[in-house]
Amino acid sequence: MAKHSTTMSCLLFFVLLCLGSHLAQAQVLFQGFNWESWKKQGGWYNFLHSHVDDIAATGVTHVWLPPPSHSVAPQGYMPGRLYDLDASKYGTGAELRSLIAAFHSKSIKCVADIVINHRCADYKDSRGIYCIFEGGTPDSRLDWGPDMICSDDTQYSNGRGHRDTGADFGAAPDIDHLNTRVQTELSDWLNWLKSDVGFDGWRLDFAKGYSATVAKTYVDNTDPSFVVAEIWSNMRYDGNGEPSWNQDGDRQELVNWAQAVGGPASAFDFTTKGELQAAVQGELWRMKDGNGKAPGMIGWLPEKAVTFIDNHDTGSTQNSWPFPSDKVMQGYAYILTHPGVPCIFYDHVFDWNLKQEISTLAAVRSRNGIHPGSKLNILAADGDVYVAMIDDKVITKIGTRYDVGNLIPSDFHVVAHGNNYCVWEKSGLRVPAGRRH
């Protein structure tokens, strides 16, 4: 009897250890701002601080905060004095530190929006060109001149820098990331954001603006726990204006970047967003590629893919590439139960009043230990229905078709449902929600 009890105890310990490892891997990112957040009376940091408990209740593990520094544009994407946090339109440096501490008290990690492809200068040089930069400190850190601008950015450069390693950004000087002083001082600034301000990871804005080799330098120099890059490529479209079924070239670019940078580096899965927002318009056959896998980055390298429905660019008031508004919850049913790291948008939780539905789906993810590398088995992908099983524990259906025949085993029961989506969970042993990591 004692031997049997010991064996059972060891088995239970092994099961809990395995489940715990899945929970440790499970990640849900929350974008904690939109394009208009800088206008908030009383400051966005203070406003968000008052909602930390609400955000934690959605089950997120990471929160993505806006660019923290002085910027010519109020949203933060035209940065200048990088060390000057008090000039941010979102609030002061002290308010930012307090907000990060509040999230940390809920075991939520904070991701800074890092804009380093380009930078705005404070002063003109002898040519009358704005290319003299101030770092925001009494000393010379990040106090640069035209030598630190890419030589082929002829509007600003003096021609002495290296050529740009990525795409051009026309609205501000493209920084020469092959310059050793640039690399050293930007790495020091990033490490200061970690050690002094409290950030845990980076969201790399316009990462197409510099090479993956450059990105790897900053990731290796700063050892963040989480990194996600914005690599917004143009999808392929057919003659009728619809996205092509095959988007392998688009997702290959994302995979190549993540593999080249290595470590914790991941990329926003723009391919999945594009395919999914077309698919929910009665074309759910799009959600399975020719090899029976998911059509986005999550079909090839899910561990490094961050899926999303909308963000401050594609949605919000910019609305440049929005998900169909009446089908947003179908999108969340997909990304919150599928491989990859799902990202929840602030607007959908608070402005669209979808907090309860999104939280329910996030709880299903946590309870069943769904993680970036979870196993995906697509059971059906027709025009009006998509059904998939994840880790043999969860089944998700999206689409207008109500009857899915015998695709749902008898030992599965409904745990979440809404407008044209439903999620089932396998009966039996449940993974406890536990402490989020």
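Cβ coordinates are placed from backbone N, Cα and C, and glycine is handled just like the others.
Per Swiss-Prot, the candidate among Gly76, Gly80, Gly209 that belongs to the Ca(2+) 1 site alongside Asn117, Asp164, Ala167, Asp174 is Gly209.
Here Val414 (substrate binding site) is positioned 49 angstrom away from Asp168 (Ca(2+) 3 binding site), judged by their C-alpha atoms.
Taking the binding-site residues Thr137, Asn234 in turn and counting surrounding C-beta atoms within 10 angstroms, the largest count is reached at Thr137. Excluding Asn117, Asp164, Ala167, Asp174, Gly209, which define the Ca(2+) 1 site, the same chain contributes His118, Cys150, Thr165, Gly166, Asp168, Phe169, Ile175, Phe206, Lys208, Tyr210 within 8 Å (Cβ to the Cβ centroid), listed in sequence order. There are 18 other Cβ atoms within 10 Å of the Cβ belonging to Phe206 (substrate binding site). Within 10 Å of Ala167 (Ca(2+) 1 binding site), counting CA to CA, the binding-site residues Met78, Asp139, Phe206, Lys397, Gly418 contribute Phe206. For Asp143 (Ca(2+) 2 binding site) paired with Asp174 (Ca(2+) 1 binding site), the C-alpha to C-alpha distance reads 15 Å. A Cβ within 8 Å of the Cβ centre of Asp153, Asp168, Phe169, Ala172, Asp174, the residues given for Ca(2+) 3, is found for these other residues of the same chain: Asn117, His118, Cys150, Tyr156, Asp164, Gly170, Ala171, Pro173, Gly209.
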